[in-house]
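Visitor: This is the structure I have questions about; it appears just below.
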Amino acid sequence: MKKIKCALIGSGNIGTDLLYKLKRSEILEPVWMVGIDPDSEGLARARELGIKTTADGIDGLIPHIEADEIKIAFDATSAYVHGENSAKVNAKGVLMIDLTPAAIGPFCVPPVNLNQLNADIKNVNMVTCGGQATIPMVAAVSRVQPVEYGEIVATVSSKSVGPGTRQNIDEFTRTTSGAVEQIGGAKKGKAIIIINPAEPPLLMRDTIHCLTETEPDQAAITASVHEMIAEVQKYVPGYKLKNGPVFDGRKVSIFLEVEGLGDYLPKYAGNLDIMTASAARTAEMFALQMLGQSPSDSQS
């Protein structure tokens, strides 16, 4: 099968983990990695894998986009620079998959709304790692009955959180809470991130609380949650229900654990895994459309 060529912008934890995912794809071919530190481990690993690299930021990539037939770019830098990065690649006709909390384009949480995205869009936002882990659960409840309030708490190991993510904590909470409402279906959303310095590092843990407008239909919500867990596990095998749904009046609580594949950072970094796997899955759907195939033709 012909592959769609891609560029990775950002050579940190997320960009490097995503590189390994893309190398396994049957539809996507990573050809460039962009960084700003010539000595970064991410760029060194990319070179070892035969990927072209530049340490001159986005401007080091732009002159090569047409010659190298790049159709999709992934931004794993920071919300502060994403707008400029996106504008520059969009001007060259490249689709931008945004892994920062910038949220310029529409949100995408694959098992909830991937199939509803318009093929003509030029920027799609992957929310945040906490959003990718928890919004499917909010949606699993809200598709059964209206959710008045949704609150998510994402706990991640300190070692898995690089400087880019740390700079974007405020954007993380704003973007995630917005997507809990827009994609999860809660009338009001709230998001909290906890960075845990424990050693040895803990797996990503997520807690989701939903307040339903009426008495929860326990059987229907439980079935919906289990169905959604299975959908997420298709691309994140380490996504597991630890407890719940637990019902207390109108409050529905769900407790998750996310173990990574260990592509770049060890398995405790499930927060990287769910973000990069979601981005790869989203890009593969757009790539199939570019190749003129229906997404149902390939279950990647």
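Each Cβ is built from the backbone N, Cα and C atoms, and glycine gets one as well.
Take a look at what Swiss-Prot says about it:
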- CYS129: active site, acyl-thioester intermediate (ACT_SITE)
- SER11, GLY12, ASN13, ILE14, SER160, VAL161, GLY162, PRO163, GLY164, THR165, ARG166, GLN167, ASN168, ASN271: NAD(+) binding site (BINDING)
Visitor: Please report how many Å separate the Cα atom of SER11 (NAD(+) binding site) from that of the residue listed as 'active site, acyl-thioester intermediate', as a whole number.
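Guide: It is 17 Å, counting Cα to Cα.
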Visitor: Between ARG166 (NAD(+) binding site) and the residue listed as 'active site, acyl-thioester intermediate', what C-alpha distance do you get in Å?
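Guide: ARG166 (NAD(+) binding site) and the residue listed as 'active site, acyl-thioester intermediate' have their Cα atoms 13 Å apart.
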Visitor: Which secondary structure state does DSSP assign to ARG166 (NAD(+) binding site), in the simple three-class scheme?
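Guide: In the DSSP reduction, ARG166 (NAD(+) binding site) maps to helix.
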Visitor: Among the binding-site residues SER11, ASN13, SER160, ASN168, which residue has its Cβ surrounded by the fewest other Cβ atoms within 10 Å?
Guide: ASN168
Visitor: Take the C-alpha atoms of GLY162 (NAD(+) binding site) and CYS129 (active site, acyl-thioester intermediate) and report the distance between them in angstrom, rounded.
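Guide: Distance between the two Cα atoms comes out at 13 Å.
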Visitor: How many other Cβ atoms are found within 10 Å of the Cβ atom of ARG166 (NAD(+) binding site), counting all protein chains shown?
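Guide: Within a 10 Å radius of the Cβ of ARG166 (NAD(+) binding site) lie 12 other Cβ atoms.
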Visitor: Could you give the Cα-Cα distance between ASN168 (NAD(+) binding site) and the residue listed as 'active site, acyl-thioester intermediate', in whole Å?
Guide: 12
Visitor: Under 8 Å between C-beta atoms and at least six apart in sequence, can you list the same-chain neighbours of GLY164 (NAD(+) binding site), or say none if there are none?
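Guide: Sequence-distant Cβ neighbours: GLY10, GLY12, ILE14, ALA76, THR77, SER78, THR100.
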Visitor: Given ASN13 (NAD(+) binding site) and the residue listed as 'active site, acyl-thioester intermediate', what distance in Å do their CA atoms have, once rounded to a whole number?
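Guide: Their Cα atoms are separated by 13 Å.
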Visitor: Can you name the residues of this chain that are 6 or more positions from the residue listed as 'active site, acyl-thioester intermediate' yet have a C-beta less than 8 Å from its C-beta?
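Guide: The list for the residue listed as 'active site, acyl-thioester intermediate' reads ALA154, VAL156, MET204, ASN271, LEU272, ILE274, MET275, given in order along the sequence.
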Visitor: Could you tally the C-beta atoms, other than its own, that fall within 10 angstroms of the C-beta of GLY162 (NAD(+) binding site)?
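Guide: Other Cβ atoms within 10 Å of GLY162 (NAD(+) binding site): 18.
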